[in-house]
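Listed features, source Swiss-Prot:
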type: BINDING; residues: 9-14, Lys51, 67-68, Lys84, 143-146, Lys166, 171-172; note: ITP binding site
type: BINDING; residues: Glu39; note: Mg(2+) binding site
Amino acid sequence: MARPISFVTGNAKKLEEVRAILGARFPREIVAVKLDLPELQGEIDDICKLKCLEAARQVKGPVMVEDTCLCFNALKGLPGPYIKWFLDKLGPEGLHKLLDGWEDKSAQAVCTFAYTDRPDGEVILFQGRTEGDIVAPRGPRDFGWDPVFQPTGYDQTYAELPKPKKNEISHRYRALAKLAEHFADESK
């Protein structure tokens with residue numbers, strides 16, 4: 001039997017969402033591992049690959065890491081991979097106000113999972129994107145920037161959407177669908 005995949009996260013809500021999206025049919029067990037990984041700067045693909053290799057070195061086995069970006073088109077992709085710090089300093093209201101001087105409120109939610117089976121292994125990336133707009137905060141404020149991101153074609157923010165609906169359309173869902181497909185192909 002294949003070893004479990006260590007998902008590096010300290011965020012219980014993220015783990016819950018990943019397990020809900022992958023479902024019981026996913027062929028590998030996912031276990032949460034909290035590691036102290038360096039906070040890297042750069043492009044998302046590079047950040048994910050380096051974080052994944054460092055996590056695999058520490059775990060000494062199969063790992064996956066996730067990095068999420070919120071890219072404002074008017075700001076040429078910022079805050080991007082630095083959304084965590086923007087949110088910490090500005091809160092949801094501040095994220096919305098960043099675009100006060102811009103007509104363009106469009107954004108992309110981007111999720112990238114990186115997987116490797118060993119410290120010296122190839123890192124495989126699985127990326128999902130959802131288009132939307134940055135709006136005044138609405139809905140519960142218990143999961144990051146969900147209150148300010150309204151996906152295109154919906155009149156509710158991620159925070160307002162029922163969890164099952166969000167999990168069918170989100171950037172994380174799109175990335176995990178690619179990851180699940182990879183493991184389904186691998187198990188054939």
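Just so it is clear, glycine is given a Cβ too, placed from its N, Cα and C backbone atoms.
Here the CA atom of Glu39 (Mg(2+) binding site) lies 19 Å from the CA atom of Trp145 (ITP binding site).
For the binding-site residues Glu39, Lys84, His171, the ranking by surrounding Cβ atoms (within 10 Å, all protein chains) places His171 first. The two recorded residues, Thr9 (ITP binding site) and Glu39 (Mg(2+) binding site), have Cα atoms 13 Å apart. For the binding-site residues Ala12, Lys51, Lys84, His171, a Cα to Cα distance of within 10 angstroms from the residue listed as 'Mg(2+) binding site' holds for Lys51. Sorted by the number of other CB atoms within 10 A, the binding-site residues Thr9, Ala12, Lys51, Trp145 start with Ala12, the lowest.
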